[in-house]
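Listed in Swiss-Prot for this protein:
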type	residues	note
ZN_FING	59-85	zinc finger
DOMAIN	170-311	domain 'VLRF1'
ACT_SITE	Gln213	active site
REPEAT	437-466	repeat 'ANK 1'
REPEAT	470-496	repeat 'ANK 2'
REGION	502-539	region 'Disordered'
COMPBIAS	505-515	compositional bias 'Basic and acidic residues'
COILED	510-557	coiled coil
Amino acid sequence: MGFTLKSLEFLQGVEPFRIDENHENEGASEEEEVLISAETDAGMSLMLEWKMRLSEDSDQCTTCNCPVDFGDRAVLLEHYQSLFHRTNTLRKARNMTVYTEEDFEGIENSENDLTSSQTTIGLESDDEEFDALLLPANRSFFIKNGSVFSVPRNILHVGERDVSSVTFLRPFDCAIFLWNGGHFAAAMFENDKMTVQKSFHRYVARAKQGGVQSQHDSGGKGAAKSAGAQLRRYNEQKMKEEIQSIMSSWKSRLQKTPLLFIRCAAYHRNIFFEADAGIETRDDRIRTIPFETKRPNIDEISDCWQRLQQVSEHGAESDFRAEMLEVREKRKKLARKVAGKKRKDGGMQMICEWSDDDENEDISKEKKTHHIKVRTIKKPEETVVQWPRLDDEWRQKTYNYVRQDSVEALKEHLASLNEDVTSEANDYLRNAKIPPNRSTFLHVSAANDARKCLKYFLEEVNCDSSTKDGAGLPPYSSSANSDVKSIFIDYRVKNETAGNWARTHIPEPKKKVELTEEQEREQAERKKEKKARQKEKEKLKKEIAKRDVEEMEERQKYVNMSEREKRALAVDRRLAGLPPILRCHQCGVQLPPTPFQYSHYNFCSTSCVAEHRKANPQ
């Protein structure tokens, strides 16, 4: 049976669920308390991350490399429990590159369901039963008739610490804002009804690329100048203005609402505070949504509003406390094991896995710790830095020049180096493997249609066109542009004996076929016929253009006539037995087969009728 805030069972007799904190943490060391206090449902890897973050003076998550407000516990827990952080935690543990917030946003916007992307990155958990036993800090627990229930802590009003009967007596009034990519939706609920709502979409991110245009511009690669980039940049600015306009129009409602739920990327949050809506950065009413959401629209907002009101049942109070006691003991033992192992191994990295094989183990055997498996992973050996005299800034500029096909700037960039570094720089251009796909500069030039740089690398730098990237493709296969492929083919023609061309995938150039006299004669006749057709087409085009000019002159002449002159011309043609004038009386264009008429006038459209009546009210 599902319960909500509107369930009649909770109108009275609701008591907060209390934990004996002194008994729970009794005998625990300072390090253990840090681990035990991480009341989250993200497993042991999340608790270790929590301990690491508390020991540093920073405002950035070291796993996701994104800003996090460590002064707000709710925001902190919401980040650590999010799919974004859990995904990056697993990827980092497997020595994989972590997602940026923009890339992960692009994955959520893609056509594939987010569940499939979890499967792709291997986001499966073996700790589901263990996680379910933890007491999440983002939920508020209460007791009713000997059973334990919980609601999202975010729905409590400012100043409320625990759930009471008042929580269920009042309407669930709030404002919800969802913004992801170019999709925005907002709504306000008053007296349990949606009173105002607004949703729209703008093109601000390239399909399946992830990230809005402003994030791409600030990524260090320079602002793109394509028509699509300019359109996305314009749409993003208009989108911000529309959102601020909506919030300004709702200002009086927003100042009265007790809760504000906002779900958006971190770099978009300031937009809500900059609007003239009376919302400040540290507004105590602002809440995060404690679950994943889909594409922003009005239906999704309604679904969020319903899910925020759901009440979860956790069984009898005695059973629930017994489960908590068991979990507390397991966490104490694991904390001691982790702390001792860390002191012993020093620089070792630890990955702790939990096994539930001891669920039925006798209590007298608590000292056994075979259910804790501790693996140690040695730090990888430091790799030798290639080309040490070429700093990161120089390499980044080189990469940008190649992408922009600025070969002259690239040459000047190389010439700025000392003579003793030139050979090292040329070796870097020939052999550098650029992450994440281990692409060479030939791959980068071909993929970005940088034809000038491509010729420079082939003919002057002598780059190897058979070197393959991380996907096993040579530079020739990195582009579908026919002009780029022609550069590779021309290079092969000039250097046919240079090496094994089969490895480069560059095809042989087409050989010219010797024609017989008859074939040459037929080819000449076809060219002659084609030329005649082209000449006839040009002649016809000129005639049409001439007729259009004459028609425009006649039309302009007719439009410039006064009403008296038009009527006189019509009478003269009727008396002379000539056909009537088949032109619109207002704009002068030729009339359609069935013109619009009123009085004795003919018009081409209703707009012309309206304009004529407006100009001639009598």
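Each Cβ is built from the backbone N, Cα and C atoms, and glycine gets one as well.
Long-range contacts of the compositional bias 'Basic and acidic residues' (505-515) within the same chain: residues 465, 474, 476-477, 488-493, 523, each at least 6 residues beyond the stretch ends and with a Cβ under 8 Å from a Cβ of the stretch.
Cβ atoms under 8 Å from those of the repeat 'ANK 1' (437-466) belong to residues 399, 401-407, 410-411, 426, 429-431, 473-476, 478-479, 481, 483-484, 487-488, 491, 499-500, 503-504, 506 of the same chain, restricted to positions at least 6 beyond its ends. When the repeat 'ANK 1' (437-466) is classified with DSSP, helix, strand and coil residues number 16 helix, 1 strand, 13 coil.
The residues of the region 'Disordered' (502-539), classed with DSSP into helix (H, G, I), strand (E, B) and coil, number 26 helix, 0 strand, 12 coil. This prediction places the mean pLDDT of the zinc finger (59-85) at 75. In the three-state DSSP reading, Gln213 (active site) counts as helix.
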